[in-house]
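Undergrad: Dropping a structure here in structure tokens format, bear with me for questions.
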Amino acid sequence: MSEFDIIKKYFSRPVKQDMLGVGDDCALFSAANGFDIAVSKDLLIEDIHFFHDVDPISLGHKSLTVSLSDLAAMGASPLACLLGIAMPVANEKWLAKFSEGFYNLSNCVGCPLIGGDTVRSQQGIIISITVLGQVPFGQAIRRDGAQIDDEIWVSGDLGSADIACRIISSKIENNKFLLSRTINSLEWPNARLNLGHSLRGVANSAIDISDGLIQDLTHILNASNLGAFVYYDNLPFDNFLLDSLSKDDIKKSILNGGDVYELCFTAPKCQHNNIINISKELNIKLSLIGGIVSKRGLDIIYNDGSILDNIPSGFSHF
Ligand SMILES: Nc1ncnc2c1ncn2[C@@H]1O[C@H](COP(=O)(O)OP(=O)(O)O)[C@@H](O)[C@H]1O
Ligand SMILES: Cc1ncc(C[n+]2csc(CCOP(=O)(O)OP(=O)(O)O)c2C)c(N)n1
Ligand SMILES: [Mg+2]
């Protein structure tokens, strides 16, 4: 099967009439008046970002999710996406499933695939997604917008995806029940697009958690030139973890575990009740985990007042 056959069969579904999708040198679509365009690209590499034997349907879903999550973090809505894919062989069974997982999500959130590139790699599968989104002019929620005295919030639960990842890579003891409880967080994450929209005009800053809470919150602090405290005992995680893991394993995963795709955001105290209402309306758990201060640095404080001395660092490729 040639490169063009692959594109035609797996990556050429029709798009809306007002767009030019797959098939020409460029895709075309019009930008709406009064909106900024939001663009983000991510790479996913076999055995670095996903296990080689992962179900390709979930990989198709997750590849798009990680990019949609960047749009969510800025309060943007998806417009379209591009897919770069490199693979050593054209495995039709794999392609059919990957494309199914990808298009299921793309249809669901209204983010049509309008272009990309398909090439052979010498080794391993490489996936690169670019998403394009829009956000009302000037309303994007940025990393550099945190303000002194902001409350720090996080959506959903932390740590589960990292636990699943560590079980599969034999870094923690294999435990069938724990893996079945955590695997969906790793393989089927969902971008918090609705939450991102609701936070426009409410949050001062936001980031999606891909590399771990501490590392990603630190990006907000560095960009905003501020510091923070985080109440360790307020950090949300699935209580099921307590049954089979040591406190240290849980701590490592909730502070530094990546692949979370929840949002961490900061908002002024006057928005507190509004945020509680957003949580109820969207049925998304939102936890108040700390506050922003002027003094640079990050303190993680336990209920008894003690401070965690060695904050472990999060995911870094190098
Ligand atoms: N090779 C690159 N060239 C230009 N910009 C890059 C490159 N790699 C990362 N960036 C930019 O650096 C910033 C941080 O990237 P990253 O940590 O990957 O963000 P995210 O977690 O949102 O994907 C982003 O603005 C991203 O676009
Ligand atoms: C096989 C495998 N090993 C390790 C991980 C964990 N992991 C790989 S990359 C990563 C961080 C996120 O990737 P990155 O490329 O930094 O994403 P970005 O911050 O750009 O969104 C994590 C937690 C995984 N998901 N799969
Ligand atoms: Mg990135």
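The backbone N, Cα and C atoms fix where each Cβ goes, and this holds for glycine too.
Curation plays no part in TrEMBL annotations; they are all automatic predictions.
These figures come from a predicted structure and were not determined experimentally.
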Undergrad: Asp70, Asp243, Asp248, Asp249: which one does TrEMBL list with Asp25, Asp208 for the Mg(2+) 3 site?
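TA: Answer per TrEMBL: Asp70.
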Undergrad: Just checking: which of the binding-site residues Asp25, Asp117, Arg143, Asp259 have a C-beta under 6 Å from ligand 1?
TA: none
Undergrad: Anything from the binding-site residues Ser40, Asp42, Asp70, Asp208 with its Cβ under 6 A from ligand 3? List those in sequence order.
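TA: The ones that qualify, in sequence order, are Asp42.
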Undergrad: Taking only the Cα atoms, work out how far Phe315 (substrate binding site) lies from Arg143 (ATP binding site), in Å, as a whole number.
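TA: Computed Cα spacing between Phe315 (substrate binding site) and Arg143 (ATP binding site) is 18 Å.
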Undergrad: Suppose we screen the binding-site residues Asp25, His49, Asp208, Asp259 by Cβ distance to ligand 2 with a cut-off under 6 Å; which survive, in sequence order?
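TA: Listed by sequence, the hits are His49, Asp259.
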Undergrad: I'd like the per-state residue tally for the domain 'PurM-like N-terminal' (23-135) from DSSP, helix first, then strand, then coil.
TA: 36 helix, 44 strand, 33 coil
Undergrad: Binding-site residues Asp25, Ser40, Asp42, His49, Asp117, Asp259: which have a Cα within 10 Å of Ser210 (ATP binding site)?
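TA: Matched binding-site residues: Asp259, sequence order.
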Undergrad: I need the CA-to-CA distance for Asp25 (Mg(2+) 4 binding site) versus Asp259 (substrate binding site), whole Å please.
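TA: Here the two Cα atoms lie 34 Å apart.
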